[in-house]
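Notes follow once the structure below has been shown.
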Amino acid sequence: MEVISGTLGGHLARRLVQIGVNDVFSVPGDFNLTLLDHLVAEPGLNLIGCCNELNAGYAADGYARAKGVGACVVTFTVGGLSVLNAIAGAYSENLPLICIAGGPNSNDYGTNRILHHTIGLPDFSQELRCFQTVTCAQAVVNNLDDAHELIDTAISTALKESKPVYISISCNLPGIPHPTFAREPVPFSIAPKVTNQLGLEAAVEAAAEFLNKAVKPVIIGGPKLRVPEAKEAFLELANTCGYPVAVMPSAKGLVPEHHPNFIGTYWGAVSTDFCGEIVESADAYMFVGPIFNDYSSVGYSLLIKKEKSIVVQPNRVIIGNGPSLGWVFMTDFLNALAKKLKKNDTGMENYKRIFVPTGVALKRDKEEPLRVNILFKHIQEMLSGNSAVIAETGDSWFNCQKLRLPENCGYEFQMQYGSIGWSVGATLGYAQAAKEKRVIACIGDGSFQVTAQDISTMITCGQKNIIFLINNGGYTIEVEIHDGPYNVIKNWNYTALVDAIHNGEGKCWTAKVKTEDELVEAISMATGAHKESLCFIEVLLHKDDTSKELLEWGSRVCAANGRPPNPQ
């Protein structure tokens, strides 16, 4: 009896389900339509159509943050170049993303034909060349014989490197049966990365000696804690050593803030109160998975000295000015170091001595216009272990940074790439992956105008997100770096726009608030009568009502951007 073999499309669909992808974000185009048929036919997959490719990519990014891996499907070149910006952002944040493009018919490769959706040259490699710089592996599948190998290698590389990959599949191949696609694909294994044992011992010995002789050491978590899933090892170390624990701004949400030794965000001059002083006055600091760039260093103004620091990267440990030991993996290092550190709570005692709790509750007059500090006081009260915060690029970075996250409360933002508009798609993707959480998104009006249309997809998916649209009349973060007429934007009637998108299909509720009383009323509706709906609350604020941190940060970043050329 002849066994009917599976198809390429079926194989790819099953692989996605096997690695934990249950929702794929897509925009159809003629080169990917037959492939989409196979994804729709896979019972474990839900295909979600987005309004444009950029948002589909942002949604896959948000999904990967909650689920560990995400996927999107676009069409050849015209779709691929549209999603490219989102893939670059995922690369910068170390997110495994499977970006799949429907490619040209396999018979067209090697010919001199010019195809539609391209820039009019007989060259099919343009899309591939663009993706090579923002993905860790690329697979162009135009032949069934090695298709399974190319696909499996790309997917396993994404998981191993924790970066996006690009897979292009010829439009005529998804439905053709082939013997390599047996009914059950052979599970692929991801070879573990094994630490160099001698290097590990040397690194632990040097680090333990360095920290044990320090008087008031501290540890600071960075964004690369996400990559080797080193969060548990970091926590174990924090529990045993007794040091104060801070996070870099882009690592917020990766370290539990209810930990007794948590002292806040270390961000140089714009750190949480009393946190910057403790970190910068320490005689030893260990940064775990940091990214030091002009934004995280507040225009290169951190008061951190190399000789006092240990830097732990995903695969390397650098101790002061001394040894730099490679092929030592973060989780192994943290686990081994925890066993060698003497408990030292001097830094923590020092913090408690200088700490002054937050001041007097904000008072206001009746009908006084709402202020940003009061808005975030109320958002703070909404948070629980069943919520997640998505902070858009802009002043929301600084305001959300001050939120104290309860146990298990999710938190995501895109600091390294800082693409405005990221949060609309990311909210869609994150909410799809973390159905047990209610997502609270804080989005500025300028950013919202870039990607607004995928509110539509949230409503279609029945999501219950609460979106605070902060309407302060422009690109506030850019105003504080360098102002000009280009930072003022056309004001929209945002609630009317969302009502028009809702159009009576699905569950969606909107409100416009100008005062604290209106805000309190809107929040009680969103968490009460409308808790089963997507809730969109437009908050009108004065254009100059920003966090004090943004004012300080903006002037320092402006100074760094404006440095004159060095004399030649």
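Any Cβ shown, glycine's included, is placed from N, Cα and C.
Taken together, the residues in the domain 'Thiamine pyrophosphate enzyme N-terminal TPP-binding' (8-112) have a mean pLDDT of 96 on the 0 to 100 scale. According to TrEMBL, the domain 'Thiamine pyrophosphate enzyme N-terminal TPP-binding' annotation covers 8-112.
For the domain 'Thiamine pyrophosphate enzyme central' (204-320), the DSSP counts in helix, strand and coil order read 39 helix, 24 strand, 54 coil. What TrEMBL lists as domain 'Thiamine pyrophosphate enzyme central' is 204-320.
Per DSSP, the secondary structure of the domain 'Thiamine pyrophosphate enzyme TPP-binding' (414-539) breaks down as 58 helix, 28 strand, 40 coil. Taken from TrEMBL, the feature domain 'Thiamine pyrophosphate enzyme TPP-binding' covers 414-539.
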Sort the residues of the domain 'Thiamine pyrophosphate enzyme N-terminal TPP-binding' (8-112) into helix, strand and coil with DSSP and give the three counts.
51 helix, 21 strand, 33 coil
